[in-house]
Each structure stands twice: as structure tokens, then as C-alpha cells.
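Engineer: A single structure is presented below for examination.
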Amino acid sequence: METKRNTAIKYMIIASVLWSIGGIFIKLINWNPMAIAGSRSAIAALVMMVYLKKFKFKINKSMLICACSYSSLVILFVSANKLTTSANAILLQFTSPVWVALLSRAILKQKISRIDGITIIFVILGMIMFFIDELEMSYLLGNILAILSGIVMAGMILLFQQQKENSLVEITLLGNVITAIVGIPFYFISSPGMESVLPLFILGVFQLGIPYLLYVLAIPNVTAIDAVLIPVLEPLLNPLWVFIFAKESPTFFSLLGGGLVLLSVTVRGIIMSKKLAQIE
């Protein structure tokens, strides 16, 4: 008989694979990033509304801040994908655990552990490699936006951890609604063309809406190591799909830096989850 954990692992694998198609479909849409982010979130919001069926927004300050941070993350990620390679966008966003440690130190006055300190050093080295041969202005801006998306994701993680009364699904739903509203002025700047309708639908339903719901269902029933290792599929597969279908390949130093970031963050996650298991 299939256990809850096995089902949860399947959900998380499916979610990670679906998240990974974001890069290629964003590349395929000939539209400005604000409009893409807004329309993608509008579709994802509809998916979440169907799942929730009945929901009542009791909007408070904490919920609104969380929703705005989510909205900022979505916009930054889409913009970074349009300005730099998909590999750079996802791998630089994957630095978020390091920013969590730094923000925890700056805001919550928590000490940075030895493993966090070592990880920060290696991640910074990896980030520097992304900029060695990315001298075009658009790539530089895209890389900066990708780093900002990692910082915003870190802030969002810390904010989400403080939520006790607010539903994370409803917060994300509100964040998608905010993103859709922010995107309204940009919908009319240009037309995406009929060839972009299907990719937009896929982004909203299958890349943002459904995988997030699967992740929420999975996370209570997986181990800490599962939660660390399975999402690594996204930054591994994202550049692969873009290379296969759009012939976009990252530079040598981007691959080297990305590998260093990915390895550092993953090893840190495994070590921290094992320490947590020993404490429990």
C-alpha cells in the first residue's frame, strides 16, 4: 500500500518538473515581462480559486506584505528570464538560502553557523563567476534581477515562516491577484500574438498554479532531506529544456558558477536537515 510519504514525494517531483518548464515558455512568448508575469499570475489565480472553492480574504498587514513579496518575486523572475539566460535566472535565484541566513542575522539577530558561513563564501564565488563574461548590459541587468529575486525569495521565506493564522495558499492567491493587477498597464503596450496564447496558458496552469498546490499538499508529508533534494530538479532541468528547445546555452563560467551555487546550497541543506533530525 502506498504511503503518504511516497505520494508526497511524487507530488513534489511533479511540482519540481513543472516549475522547470518556466524558462523555456517565458522565452517562447514574444511579450514584455510585466505582461507575461501578470497574465501568468491571473491564470494561476483562477486555478487556485477552483481548488479552494470557497475562500474569504481576511486581509491584514502581514498577509499583504507576504503577498506583495510573492508578487515581486514573480515579476523579478520573469524579467530576469527575458534579460539573461534561463540558467542564470534560476541558478542565481537558487542562492536564496544564503540570503535567508544573512537576513536572519541582520533582522532577527540570529548567529550565522559555521556551515552557513562556508556556504556563503562558496555561493559568493559562484555568483562572481556569472559576471566574468556576461558583459552585455541586458545580461548584466538580468543577472542583477535574478540575484534580487533570490533576496526577495529569502525575505518571503522568512515572512511565510511567521504566518500562523493566514493560509499560505490564500496568501499566494492574493499575490497572484496583485501581480495580475500590476500587469494591467503593460497588457496594452503590445500584443503577444496568437502563438503566445498556449505558452501563457501552460505557464499559468501547469507551471505556476498546479505545481504550487502539489507542493503545499506534499510538504507536510516529506522528510527534510526530501524537501532539500527534490526541488533541485528545477534548476537542473530548467536550462536543459531551454537548451533543447531554444538552443540557448549558458557560458562556461556561468555553468561553473551555477554548479558551485547548486552544490553548496544542496550540501548545506542536507547537513542542516541531518542536524535537525538528530535534535528531534
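Heads up, the Cβ atoms here are built off N, Cα and C, so glycines get one too.
In case it's useful when we look at the structure, here is the feature table from TrEMBL:
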DOMAIN    8-131  domain 'EamA'
TRANSMEM  12-29  transmembrane segment
TRANSMEM  35-52  transmembrane segment
TRANSMEM  115-132  transmembrane segment
TRANSMEM  138-159  transmembrane segment
DOMAIN    141-266  domain 'EamA'
TRANSMEM  171-190  transmembrane segment
TRANSMEM  196-215  transmembrane segment
TRANSMEM  227-246  transmembrane segment
TRANSMEM  252-271  transmembrane segment
Engineer: So which residues does the transmembrane segment (138-159) touch in its own chain, when a touch means Cβ under 8 Å and the partner is 6 or more beyond its ends?
Structural biologist: 62, 65-66, 69-70, 72-73, 76-77, 79-85, 88-100, 102-104, 107-108, 127, 130-131
Engineer: By Cβ distance under 8 Å, which residues at least 6 away from the ends of the transmembrane segment (115-132) in the same chain are close to it?
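Structural biologist: Tertiary neighbours of the transmembrane segment (115-132) are 88, 91-92, 95, 97-98, 101-102, 140, 143, 147, 253-254, 256-261, 263-265, 267-268, 271-272.
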Engineer: Are there residues at least six beyond either end of the transmembrane segment (35-52) with Cβ under 8 Å to its Cβ atoms? List them, or say none.
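Structural biologist: Beyond its ends, the transmembrane segment (35-52) has Cβ neighbours at 26, 29, 71, 74-75, 77-79, 82, 169-170, 172-173, 175-177, 179-184, 186-187, 189-190, 192, 200-201, 203-205, 207-210, 212-213.
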Engineer: Counting by DSSP, what is the helix, strand and coil composition of the domain 'EamA' (8-131)?
Structural biologist: 99 helix, 0 strand, 25 coil
